[in-house]
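The annotation 5-phospho-alpha-D-ribose 1-diphosphate binding site is assigned in Swiss-Prot to Lys26, 72-73, 99-100, Lys103, His105, 124-132 on the grounds of sequence analysis. Per Swiss-Prot, orotate binding site is recorded for Phe34, Phe35, Thr128, Arg156.
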Amino acid sequence: MQPYQRDFIRFAIDRGVLRFGEFTLKSGRTSPYFFNAGLFNTGSALAELGRCYAAAIVDSKIPFDVLFGPAYKGIPLAATTAVALADQHQLDVPWCFNRKEAKDHGEGGSLVGAPLAGDVLIIDDVITAGTAIREVMQIINAQQAKAAGVLIALNREERGNGELSAIQEVERDFGIPVVSIVSLTQVLEFLADDPQLKQHLPAVEAYRAQYGI
């Protein structure tokens, strides 16, 4: 585990973004942990989150020309990551986002920011069913651009209804890598090393044995 990954898990736990207990997911599964990136909701939290995304981008070595944040949740993520890439890594990267509804006046159309062109790195919080990414792929294709990959905060490493996870389905269907700041593997590693949180390890391991990929 890289230092930025350990920092991210500790930060997510401290912010209440990553919690342990008993949670019913939209899928109907009862999960021993829950991840809610919406709670990175202050200036300092967003700044730290951007630094973690930026570190993951540099670590991934995925070549790209522009960062794209899908509306709505991806917009602040793309913005803070672009700032962190410039501040921490001296990489001045263009970024853009889409509107949910196209405007017909002012800065018209459905895209805002830098031109969506070349190799596009999509940035979002999680991939649950892959539906949002499929919509993004249509936007990118409509601009004659090309997806370089997807970056998310957490990979749950969990099967969907079939044998594959939603992330594996995206990788298979579009032939692009999906990388994450951390995956469940690293969360388990963190729990094993933390005396206070170790009590949650058996439940998370059991859940992984049942639903993991």
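Each residue, glycine too, has its Cβ placed from N, Cα and C.
Put simply, Lys26 is the one of the binding-site residues Lys26, Lys73, Lys100 whose Cα lies nearest to the Cα of Thr128 (orotate binding site). In terms of C-alpha distance, the listed binding-site residues Phe34, Phe35, Arg156 place Phe35 closest to Lys73 (5-phospho-alpha-D-ribose 1-diphosphate binding site).
Considering only the binding-site residues Phe34, Phe35, Arg156, the residue whose Cα is spatially closest to the Cα of Ile127 (5-phospho-alpha-D-ribose 1-diphosphate binding site) is Arg156. Annotation for Ala129 (5-phospho-alpha-D-ribose 1-diphosphate binding site): same-chain Cβ neighbours under 8 Å, separated by at least 6 residues, are Gly160, Ala166. Distances between the Cα of Thr131 (5-phospho-alpha-D-ribose 1-diphosphate binding site) and those of the binding-site residues Phe34, Phe35, Arg156 are shortest for Arg156. For the binding-site residues Lys100, Ile127, Thr128, the largest tally of other C-beta atoms within 10 A is found at Ile127. The orotate site, placed at the center of the C-beta atoms of Phe34, Phe35, Thr128, Arg156, has further neighbours from the same chain whose C-beta lies within 8 angstroms: Leu25, Ser31, Tyr33, Val126, Leu154. Ranking the binding-site residues Lys26, Lys73, Arg156 by other CB atoms within 10 A of the CB puts Lys26 at the bottom. Same-chain residues at least 6 positions away in sequence with a Cβ under 8 Å from that of Phe35 (orotate binding site) are, in sequence order, Ala12, Val17, Leu18, Val126, Ala153, Leu154, Arg156. Here the CA atom of Phe34 (orotate binding site) lies 27 Å from the CA atom of Lys100 (5-phospho-alpha-D-ribose 1-diphosphate binding site). DSSP gives Phe34 (orotate binding site) a strand state. Following the DSSP three-state reduction, the secondary structure of Thr131 (5-phospho-alpha-D-ribose 1-diphosphate binding site) is helix. Across the fold, the C-alpha of Phe34 (orotate binding site) and the C-alpha of Lys26 (5-phospho-alpha-D-ribose 1-diphosphate binding site) stand 11 Å from each other. Sequence-distant neighbours of Asp125 (5-phospho-alpha-D-ribose 1-diphosphate binding site) (same chain, six or more apart, CB under 8 Å from its CB) are Ala37, Lys73, Gly74, Leu77, Ile152, Ala153, Leu154, listed in sequence order.
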